[in-house]
Amino acid sequence: MNVKETKLEDVLKSRGIDMKDAYNISEADIPEAKESTQKLMDIYYTLKVTADMEAAYWYNRTWWENDGEVIEVRRAKAVAASLSHMTPTILPYEKLVMNKTKNVRGAFPFPWVCASFFNAQAEALMNEVDAPAENEADSVSVVGAGGGNVTESYGNVISIAKKFGMRKEEIPVLVKTSKPWEGISVEELSNKYSKMTPGYDQFKNIMESVICMFDSFAIPQGREVINYYMPLQYGFDGIIKLCDEKIAEVMGEAGDDGDFGMSRGYYYAAMKEITKGLSAWCENYSKRAKYLASIETDSEIKANYEKIEEVMGNIAHKKPANFWEAIQMTLCCHFGVVNEDPQSGLSIGRLGQVLQPFYEKDVEDGIMTDEEVIELLELYRIKITCIECFASAGVSGGVLSGNTFNNLSLGGQNYDGLSAVTPLEYLIVEAGMRNQTPQPTLSVLYDEKTPEDFLMKAASCTKLGLGYPAWMNNQTGMNFMMRNYGPEGMDLHDARAWCLGGCLESAPGCFLPLEYNGKVTMIPGGASPTCGTGVHFIGMPKVLELVLTNGLDKRTGKQVYPPHNKKLDSYETMVNQWKEYMELTTDVVNRCNNIQMDIWRKYNMPAVNSLLKPDCFKKGKHIGTMGARYNSCINFESCGTITFVNSLSSIKKNVFDDSKFTIEEMTDAMLNNFGFKTAYETEVFSPDFRESTDKSTKYEKIFAACVNAPKYGNADKYADEIFKAYHYYIYDMTHKFRSYYGKPLYLCQISVSTHGPQGFVTLATADGRLAGTTYSDGSVSAAAGTDKNGIYAIFESATVYDHSMHQNAQMNLKLHPTAVKGINGTRKLLDLVRAYMRKGGFHVQFNVVDSKTLRDAQLTPEKYRELMVRVAGFTQYWCEIGKPIQDEVIYRTEYDK
């Protein structure tokens, strides 16, 4: 063995790795998921996404029975009733229980949030036809046709939003439940008052052109991190006792707050009601398990039911006494919050750090083994994967792609600034490798203090092609926290508690003292409302298109923006006009969104979430009245960043710098799709397919010049300077506008799946992209097929600005499986991540998959029911993703070394 090998062997041994493994083509086999997991996953794969009216009925009934009650208490009673009356469903082999509804993949409508669609379509629904699209964004959004989606009606099932199936006998209940909300739902009240804003007509034009993807009221909660501290520390009976004490202390007392002081008593009364509802919900599961055990003849399943009876009976009243009870308690609270509102992105946070004290004691006492803990973690993944969001097709398909972004973060720093990695987090990764489900997605908060063996474990998981874990720069996240929340008192301790809310939204947190097993452990959790309910997904290439067409949308023939009537005789004139349209867009959309969210918080204030989030209970204020510790959390979401930047680069180079063409010639070529058929005609939504028309020769020179213009992602200063200038402009621009909390907006850069529908409504762009094809994905990913100088050149381009300026930055990369084979491949993958993090990059995620496999799966989806891919901050089953996004994922540049 030579000296070089000896040194490598020493290094590997110090990391607990055998030298022989470095040369193996494959690493150790991953154990199969537990039998209980496999049986329940077999059931999951057969299920359809089902909407029913049980929860909505009880909410509606209780709401109207309490007409005249104080609004906070009325709301809490209604939510509590919807939980406590839900039919408890327990499947054989389950060890963790509870779901959103009585159905495993269940969801339900929220007519008190949005009733107009159901009321307007009552006749169509009663006549047993597919519910039509609600708006323009719905009509151009595509939901995956496979898996559990119900894309069309059949038999006794009606399709709603091209995703949810509802039994025909439920439709009359839906119609009757929706009727009382006519004119007074959050949606309709918002519309009423939004019409009073001076820019309302402009707002409608923007929404109808799909420049903005959807309204805030559609998913008013989520994109935040839940906090499990209260029930883990006190238990439900303990919380009820605390509520009684607080009611006695503050009822009738305003303190020194003349605005909200008197409302503290009503807040605690509401918290008592919702806690009673959560307790009753758990009690119902305990009773159901007891009954099932009494009739079960299989001894193993009977023992499961008896254990469920014990666990659910205990957590219905007492704080958790062991790991099993603690993880079940977190599920109860999680389902409680996601049932309050239509929402996505209620993230789990740093669960492995929250539950570490319970795990540690059980292992030390011999109560559970690591394998038994892994089984519960595998089953936990199924529970989270079953969470569905009842929303329109535009939200379900065009934004979420069927995922609900329940992100679980790993690593980072603890309260004292040391590595926060716990032994339980190794098992969480292991469970994600064994039971490969879309949720919860995993995110590593990469820190220089993170143990090397944990990073290697996480990289081994990423290699499997599951799309998780993704990798975040912990230091950049902390810097953003201090920058954005410093004015609200954020200190270094709280900055260390941050993690991801939703797919990629940096969310503030705090540490709280959990007393358990004779110790006090500072556990992290969320400390803010939603971090993603602002200006939702502005298609920046579309705005640029309308600059070139004088505000006229040539696709629809509508005058979207006021004509600027300017001669675009310089690059600066064009960009300044884009800025004017962008600021007009932000102004009118933000005003209307503020009204929507203000109406929501006045009538639909969170109940469960306002119990859990610090410092609501301490202040006696719900989330809507800024009870949470941090409230500067409302964002401006962008889409198509790199398509936009590359378009600017092309126009600047070809029109203004080199004078190859006039701006009129460039615009004409774009309006004529460079002489090619559009994606509307070909039904191919990625740039790798072009079908010529008889006009193609007319535009071939200009098309070639557009394709060959400098592109972002190649460490090319020409394009990168445009990219950098954009970021400093958008930072200043977003901070000019205020949220309904009176705090500045900030930039959120996640495409999610909106680059599909927003690309669909956008004509050809100056970078050579054709009409109707998807925008570039992410925000710092190179546009597919344009990165010519390798991954490290993309890293150079991506880090020309400070990533802590914004809430996030999204980097998607696709690797061929052969590029990361064996232990050496794992090391290469980790080195790639580390290189980007050290340059200041915020986020990177990987698809490790062969494009040939994806193409075959697109043609024969029935053969690939379990295939998952990374889309944009989340993983989803391939067959449940719409074709435009499938095409985009296939066409992403694939690196094989």
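Glycine is no exception: its Cβ is also placed from the backbone N, Cα and C atoms.
What Swiss-Prot records for 35-770 is domain 'PFL', and it gives sequence analysis as the kind of evidence.
Of all Cβ atoms in the shown protein chains, 26 besides its own fall within 10 Å of the Cβ of His536 (4-hydroxyphenylacetate binding site). Annotation comment: Swiss-Prot describes Ser344, Cys503, His536, Glu637 as 4-hydroxyphenylacetate binding site, evidence class experimental evidence.
Cβ neighbours within 10 Å of Cys503 (4-hydroxyphenylacetate binding site), excluding its own Cβ and spanning all shown chains: 30. Cys503 (4-hydroxyphenylacetate binding site) carries neither a helix nor a strand DSSP state and counts as coil. For Cys503, the entry in Swiss-Prot reads active site, cysteine radical intermediate, with the evidence type a curator's inference.
Using a 10 Å Cβ-Cβ cutoff, Glu505 (active site, proton donor) registers 26 neighbours. Positions annotated as active site, proton donor by Swiss-Prot, on the basis of a curator's inference: Glu505.
Marked as domain 'Glycine radical' by Swiss-Prot on the basis of sequence analysis: 778-897. When the domain 'Glycine radical' (778-897) is classified with DSSP, helix, strand and coil residues number 56 helix, 19 strand, 45 coil.
What Swiss-Prot records for Gly873 is glycine radical, and it gives sequence analysis as the kind of evidence.
Mean model confidence for the domain 'Glycine radical' (778-897) is a pLDDT of 88. Here the Cα atom of Glu637 (4-hydroxyphenylacetate binding site) is found 10 Å from that of Glu505 (active site, proton donor).
Under DSSP, Ser344 (4-hydroxyphenylacetate binding site) is assigned to coil, being neither helix nor strand in the three-state scheme. Among the record's 4-hydroxyphenylacetate binders, Ser344, Cys503, His536, Glu637, no two C-alpha atoms are more than 15 Å apart, and one pair sits at exactly that spread.
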